[in-house]
Structures are given as structure tokens and as C-alpha cells.
Amino acid sequence: AFLLLVVLTPAGAASATALPVVINTWAFRTAAETAWRVLELGGSELDAVERGCGQCEIDQCDGSVGYGGSPDESGETTLDAMIMDGNTMEVGAVADLRHVKNAIGVARKVIEYTKHTLLVGESASLFAVRMGFPYEDLTTQKSLSLYSEWLNQSCQPNYWKNVVPDSSKSCGPYKRQEEVTYKEEHSSPQRSVHNHDTIGMVVIGASGTVASGTSTNGAVHKIPGRVGDSPIAGAGSYADSTAGGAAATGDGDIMMRFLPSYQAVEYMRMGTDPTVACQKVISRIQKYAPKFFGAIICANTTGSYGAACNKIPGFTQFHFMVSSPLLSQPTEQVVDCI
């Protein structure tokens, strides 16, 4: 049975916040249920994050997490993941992981069996195999057809610029232009809200201990070798048991430049309400990239939580999951984008 804490606010009104709390990006219900069940059975906050995000890797949540989704320009699916312990500030992460399905599981082993923080590429796969993970093909019929469809539509959309041949009209291989002539950026194709990208999760345990993590297969049709925000501590997620935790989702190439998860946790450390902390992070990015696709979830050590997203056409609300003793079951919540 979890304790219900009543925190007295300065106004004297009682706002009940309960621990533990599990919060994750998008309406990924099975991930939320799995993480909550781990806590109920006495597992640690790190266990809950690992198993919750790992559930999305198995379910291939929205095709944007785990195997068989988001093929890169050579048709291969590669994975990025991280997990962070807010007590010790240890981080384990993998990026551009090939041929291993359970990316966040491998990230956890980086904490447990190495003095490192981030392992990448084929070498990360070799580490995973040493740790007992099966080496297997991450390609599926679905990712293959996504790939051939993309080739058939002249490799559109893609992530190149200032190259020849013109990347907005044709496939590569591309070379850099000898002379860069600056022209208007091509407007990026409209994102669908189902282009979810990532599961990010924050777990605050019964005693206020924080853990966080992410897992993704990255941007669809990414240039091979591309790593986004997900496996980068402070960008994809951040956990600090003296303040709280946060996790981000969306256009990692832009968002990672602002370390949004770290920033949100620092706002909460200064006493900022989690919702406001999330909003401040989004508006900070807006100044430089008004049309970016992204959202962030925040939770502090008392169990208060919030989320925020950037409003663009086709993406005006952000759905996320919350589990807490105040809710009879993991519950989907929605915020309006700003």
C-alpha cells in the first residue's frame, strides 16, 4: 500500500500529491501499466523505467520505438536509449545500436557493468552480446516497405541540405556543393501527430527517489549514424532525486541543442511548478525554432507533474500517461500546446 502525502501549500490549501508516480510520453498505456506493476511488486524505480520503456520496444509503440520501424537511408533500423539513476546520477546509454532489440536493457547494463556512460554503433552491439542479449535482425516487412516506398518517391523527405544533386527532388549519393548559395529552407513536410518518435518515462518512487529513461528508433529516413536527443543525458531525459525528473519527445535534432530535460529539472529545483517548468522549456526553444515538433513531461519529488508542447498545425494537444495512487489505474492525460 502506497502512502498518500498531503502537502500544505503556502496558501494553506491542501493539495494532495501521492507517491509513487509514473509519467510517460504519449498514450502508451501498456508501458505505463508495466512500469506501475513493477513498482507494486517491489521493483526499484530503475527497474520500472527499464521494464516500462522495454515494453514499448516489444510492442513497437507507434513504429517509433523498437525494431522494425523508422528505417534509415540504407533501410536499417537502429536504436537509441538511455536510463538515469537520480540517486547516484549514473547514466547508461546506447546510440546507433544495431541488431539488438532491447536497447534500454543494454543501457542499464552500461551502468551496471562498465564505468562508461554511452556506447555506440556496432561496438555497442558487441557489448550487448557479451551481456547476453540476442543478436538479431531488426528489419521487418513493414520497415522494408517503408524504405522502398521512400526510395520510390525520390527519397522524400530527407535530412540533407546544400548538396548536389538537389536533395529536395532526388536521391543521392549527395556531394557538397562547391559553392554554397544560400536559399530559403525548404519547408519541412507536415508532421503527423502519429510521428511520435520516442517513449520517455519518469518514475518517482514512494520515498521521492527519481529515475528516468527513453527508447526510440530515431527519425525515419535519418542519415545513417545520426543520433538524436533520446540517448543524451539532459536532453532525452534527466533525473535528480533532489529535484525531479523530465523526459522529452519530438524533433530531437532541434531539441537536444537546448538540453530541455536538464533545464526543466533545474527550473523545478528552483521551486517552479512542473507544468510551468515544462512550458518555460518549450518557449525557450520556440524563440529559435518556432515550428519545431516537440513536447516534454516533468515531475517533481513530491509527485506533482505536468507537461507542455509546441503548437503547430496538426499537433495542438499532447497526450501522456500518469499512474499514481490517486488514480485507480494508469490514466491518459492531455495538455493543450502553447
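From the backbone N, Cα and C atoms, a Cβ is placed for every residue, glycine too.
Note that the structure is a prediction, hence the values are computed from the model and not measured.
The signal peptide annotation in TrEMBL covers 1-18.
The local packing around Thr198 (active site, nucleophile), expressed as other Cβ atoms within 10 Å of its Cβ over all shown chains, amounts to 31. Among the features that TrEMBL reports, active site, nucleophile is placed at Thr198.
The substrate binding site annotation in TrEMBL covers Arg226, Val227, Gly228, Asp229, Thr249, Gly250, Asp251, Gly252.
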Identify which of the binding-site residues Asp229, Asp251 has its Cβ surrounded by the largest number of other Cβ atoms within 10 Å, counting every protein chain shown. Asp229
Identify, among the binding-site residues Arg226, Gly228, the residue whose Cβ has the fewest other Cβ atoms within 10 Å in this structure. Arg226
To the nearest whole angstrom, state the Cα distance for the pair Asp251 (substrate binding site) and Thr198 (active site, nucleophile). 10
Are there any residues at least 6 positions away along the chain from Gly252 (substrate binding site) with a Cβ closer than 8 Å to its Cβ? List them or say none. Asp197, Thr198, Thr216, Gly218, Ala219, Gly228, Asp229, Ser230, Ala235, Gly236
